[in-house]
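Take a look at the structure below.
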Amino acid sequence: MTNPFPTIQDLAEKNAGASPGFKPKLTLQDLMSRNAMAVISCMDPRADPKDFWGIEAGMPPGVIRNAGGRAADALRSLEVLSALGEGLSAVAVVHHTHCGVGPHGIDDAYIKRTLPGRMRGSSSALEEKHWDSFKHQTEEESVREDMKLIVADKLLPKDVQVFGFVLDVETNRTTEVRL
Ligand SMILES: [Zn+2]
């Protein structure tokens, strides 16, 4: 396998030369004195909220990224944000076109078939696992499913606003999805 991108060691070495004049934009106190917002997006480098919404480095909202941008993975973090500072005021779920676990990507059955040849443990650990791929849905359907999951989480604030969007990775445009 060849990798045309910098390795983790390359990235860490570059950081060792980080600017001595660096000043953090926010302190923990700043964050504790305001409402939190969160964007849930896929870990795919084409689906970075900093790029598609122009969020400045080091500034809110909090960004939660995982395979597919699925809410099931993000609930723990949303619950923590709900307790921190003034609490969680808004969440946006963003799924993107041409996602590796979306309509053009792989599904849970494929993951279950592929991991045994690569994993270090025994395959009995696979039986109960779900990976929340959404190959069987449109991006709009999976966004709605995740919005409903967030709305149904009884541990989150009752007035939290829940938004949904689909990012088109070919145009970098997001389109709102409503429940
Ligand atoms: Zn993706």
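The backbone N, Cα and C atoms fix where each Cβ goes, and this holds for glycine too.
All TrEMBL annotations are machine predictions without curation.
Lifted from TrEMBL, the feature list:
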BINDING   C42, D44, H96, C99  Zn(2+) binding site
C42 (Zn(2+) binding site) CB neighbourhood, other CB atoms within 10 A:
23
Measuring CB to CB from H96 (Zn(2+) binding site), give everything in the same chain under 8 Å that is also at least six residues away in sequence.
S41, C42, D44, R46, A47, G69, G102, E139, V166, L167, D168, V169
Let's check the environment of D44 (Zn(2+) binding site): how many other CB atoms sit within 10 Å of its CB?
20
Identify all same-chain residues not among C42, D44, H96, C99 whose C-beta atom falls within 8 angstroms of the centroid of the Zn(2+) site's C-beta atoms; report them in sequence order.
S41, M43, R46, A47, G68, G69, H95, T97, H98, G100, V101, G102, L167, V169
Intrachain C-beta neighbours of C99 (Zn(2+) binding site), sequence separation six or more, cut-off 8 angstroms:
C42, D44, A47, G68, G69, G105, F134, E139
